[in-house]
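Listed features, source TrEMBL:
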type    : residues : note
COILED  : 4-34     : coiled coil
COILED  : 150-216  : coiled coil
DOMAIN  : 107-159  : domain 'PAC'
DOMAIN  : 453-570  : domain 'Response regulatory'
MOD_RES : Asp504   : 4-aspartylphosphate
Amino acid sequence: MTKMSKGVTDLQKLKKENDQLQKRIAELEMIEERYALAMDGANEGLWEWNPVTKDLFISSRLMETLGHSSQSRCTTTHQWLEWVHPDDVAGYEQKVTEHLKGLSEYFEWEYRVRATDGIYHWVFARGKALRDNNGIAYRMVGSVGDITERKLAQERLKQAHDELEDRVEERTKALVALNKQLSREVQERKIMEQKLKQAKEAAEQANISKDKYLAAASHDLLQPLNAARLLISTLQERDLSHKDASLVQRIHNALGNAEELLTDLLDIAKLDANAIVHEISEVPANRLLLALGEEFQSVANKANVKLRVMPCGYSVKTDPRLLGRILRNFLSNAIRYSASGRVVLGCRHRANKISFQVWDSGPGIPSDKLDDIFLEFHQLKENSLDGDNKGVGLGLAIVERIAKILGHPIHVRSSVGKGSVFSVDVPLCDGVHQSVMLMEPLPKQPYNLSGVPVLIIDNEGSITHSMADLLNEWGMVPHCALSKSAALAEMKYAEQPPVAILADYHLDDGETGIKVIQDIHAEYGFDIPAVIITADRTQTVSNECERLGYHILNKPLKPAKLRALLNHLLR
């Protein structure tokens, strides 16, 4: 009985142990199933290797990835190494050896394994050795996963990176080359700019030299003519016999022709040297017309020509000095060729411009000769005058050049036997038309200048003496001075201050007539009407006189113009 109960007890104990074992097996199977599911989800397989027997177990997951059936197993290390890429075998064995020796905590390695189709797959293996008490590895377990797609992506990324680096390198080389080229171009540009600057400075210096030369030439050439004209004009004022008066008139005409020739040649030289600068401003047309009418009235009276100036209430955009030069030539020619006839100066409004016109009753110009009159040194035989009164054929050539500088078209209409019309078109200013009164012809008899004191300042005694003789003939009281100190002395001892100052521009020791006039005004505390008489026809002198409100007359001086200006100043 005792034996039987003992057997029952052992059986119960054995059954209990069996139940526990079955439970443990079930738990292990569940753990294994979970682990397998996790490995499947991670696309990885399991491997186990015995470093002593070289037996190798690889899960079906990786075997299927390599093209083997799920029942296939790789049983030895030798068989597995046959599938590893030859270039990766040495690295694989080195990593395994290092881990077995305890040189690394884990075995980790990326390498290639050949599938059944001959294509190599990239795998990543990771594992750890189990060791005995002596640290000797007796088992290695781990996971292995297919990383081919990742490697391909890395390869594509590396290829793109390499291509990008190549492109960056190419661009860098191109930029370096471009930078070198730009540096060369910048350097060349700097050199070119320096050369241009030097050339500009040289050109400006040349222009300054030209201006100085032309000013000096104007002064030196015209100064003797100025003295001669003053002397001739003085003789003309005296009561001469018919024979002597005729001789003096012929000398006067000859001097006039010489003066005109020199003046025209100097103007041509200035135009060729681009020494004439124009300044556009708004100019009342009537002011210009009245000034020209007053200037040429005595000339017309002397030629027995009836001069009529028509009023104009508009303002124009022009350089008044250069436009005046054009109209003076038109008027001079019209009076010259219309002896005992009529000349009309006026303007017409046409769209956005004003046409300044000079009409004459001269012999007219054949239609086939209209272009020829603008040629240099060209005169029409049909209209030739006597030798004492004809021009030199430069006036209209100069007019044409000045008109081009201003951008003012010139026109000419003519009818043989009836007369001609010369005109120049000038841009119209915006504004309201102003009504003006018709200008009546000026009196043929000049105003009485008797007893009027005038101060003459010129550094050449021949000029002051000739000017004094002329003014004496007009009944004026001239006071002559060769310098500022002499001028101040003359005014100090004069019975009454002068009503006008006639001063040369260029005096001795770098002094100018303008500076002397300013000093005289400062000395006496009041302004005296001043006229600058100069052979310097540069824009600088003209602008300075205009700014200060001084009148300017060019040498050789025309006595009729001087007398008209004095009449104007004394009104």
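Cβ atoms here come from the backbone N, Cα and C positions, even for glycine.
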Predicted model, mean pLDDT over the coiled coil (4-34): 67
Surrounding CB atoms that lie within 10 Å of the CB of the residue listed as '4-aspartylphosphate', all protein chains: 26
Asp504 (4-aspartylphosphate) in three-state DSSP notation: strand
